[in-house]
């Protein structure tokens, strides 16, 4: 039986052996509490037929737990200094592939086609670097990858925004974007004390299970998200004011925008954070002909 990597003693041994120093610019914080890793893997509900994509494996603490449960693990690591460490710590596992590439620049669709030829389902499981959490998640969602979902650790504040409900302070355009594609649920809070080095923020684990179809049906997704972003442009302003100020030539189309709100059954004095995703969809459909009739 191999010793878990994610203990203070074992992590220190590995880092000292390789003279590794953390790069703040890469948001490197390594977990040193194996029980938390076990729970993350449990939340992912892996089987012996599951393929896993990991982002930022670090020294392999989560990777080894995934390798023990999944059919195959493919991990993207941007820091070249970690490659020899991973080759060492993960040497007992024949079902792990490390790809030295920035996930944001990678053709993940192609990687899936090449690496996961014999799996029943695919999950993304990762302790994400906090400085690029949102871009990574949005890339994985908008690329329409054939994944079942994600279980990822990230900054608690970001997890709160992704899983927020309408009318709360955390509810915003990120909430809508994530919940358009997935069912989002915060499944665990993680204190900053279980990492080295200790981050300045607390963490949370969020589970995003992909919807078979988006949460709402819209004519144009780009325009739908433009309306959502416009509605949250200035949180203290009404939805009408935000649409007038944030949409192209909005002020020139004031009467049409007011009519669109009326047709959607939305009080123009409401604020964006009070609208449910279905209301944004209805509003987007009413506004779409106004802004695309000349397009």
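Here the Cβ of each residue, glycine as well, is placed from N, Cα and C on the backbone.
Among the features that Swiss-Prot reports, S-adenosyl-L-methionine binding site is placed at 29, 31, 56, 77, 102, 127.
Feature annotations (Swiss-Prot) mapped to structure.
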residue : record                               : Cβ contacts under 8 Å, 6 or more apart
29      : S-adenosyl-L-methionine binding site : 22, 127, 130, 195, 196, 197, 198, 199
31      : S-adenosyl-L-methionine binding site : 6, 37, 61, 62, 127, 153, 194, 195
56      : S-adenosyl-L-methionine binding site : 76, 77, 78, 126, 127, 128, 129
102     : S-adenosyl-L-methionine binding site : 76, 78
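Looking at the residues that bind S-adenosyl-L-methionine per the record, 29, 31, 56, 77, 102, 127, the two CA atoms farthest apart are separated by 21 Å. According to its DSSP assignment, residue 29 (S-adenosyl-L-methionine binding site) is coil. Neighbours of residue 127 (S-adenosyl-L-methionine binding site), defined as other CB atoms within 10 A of its CB across all chains, total 25. Annotation note: residue 127 (S-adenosyl-L-methionine binding site) sits in a strand segment as assigned by DSSP. Residue 77 (S-adenosyl-L-methionine binding site): 24 other CB atoms within 10 A of its CB, across all protein chains.
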